[in-house]
Amino acid sequence: MNIALHGFLMGLSLIIAIGPQNTLLLRQGIRRTAVGAVVATCLFSEYIFIIGSTAGVAVIIDKAPVVLDVMKYLGFVYLLWFAFTSFRDAFRPGGGTFTRDSRDPEIPTGPCPGTPGADDPVGTGGGTVAVAERTAHATRTASQRVWVRPVLAALAMTWLNPAAYVDIVVMLGGIANQYGEIGRWYFAAGALAASTVWMPSIGYGAKKLSGPLSRPDVARIVNMAIGIVMVAIAFRLLLN
């Protein structure tokens, strides 16, 4: 039990600091878009990291340090791009409110040429029905695709972040394996529990507070803060 508690506290200490994952979870929570998909993606990735580190994957990384170098530069570029989008949103009219991502699929509202009732100049009602049907279909299509960008962002921020490999795979895995063949899995279970508690709390907590956090003045401050944090993380990643 003490080993699992140690794993929980160690795992919590590694993920509680502001980083790419937490920032994305916060952003999607405030935006109220694809929160569940992003939380699930981050959790699944963390599970792979923790289980892999406990199983001894750190040995593989130690044998191929060039992999970390490649990920470092890819992660640096991606984090700067994410920071750019945050600064861009902050300087938009309204502070770049989080109600909708400008890159999300558009939902057309006009009738599609060639559909029944699309050309209804006399207002017999056919056009209204066609518009309603097309809008409903477009809404369903857009809602099915709106999770794609956030999930890809979550994957990039997790797997292109060498700090995750160092913190979780090397450090956490190293500590876990000090507890022996059986004890290391108790430690891993505690670390898994920490991720399971923390990530949904960030994502759904931000979603719960999305009302006040989505006000234009607050949104501008949040976007600026996210941009600054991402730039700091990017250069820390590059220099270290």
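Just so you know, glycine gets a Cβ as well, placed from its N, Cα and C.
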Which residue range, 6-26, 132-152, is the one TrEMBL calls transmembrane segment?
6-26
Among 6-26, 73-91, 218-239, point out the range having the most Cβ pairs under 8 angstroms from the transmembrane segment (185-206).
6-26
Can you name the far-off residues of the same chain, 6+ from the ends of the transmembrane segment (73-91), with a Cβ under 8 Å from a Cβ of it?
20, 153, 156-157, 160-162, 219-220, 223-224, 226-228, 230-231, 233-235, 237-238
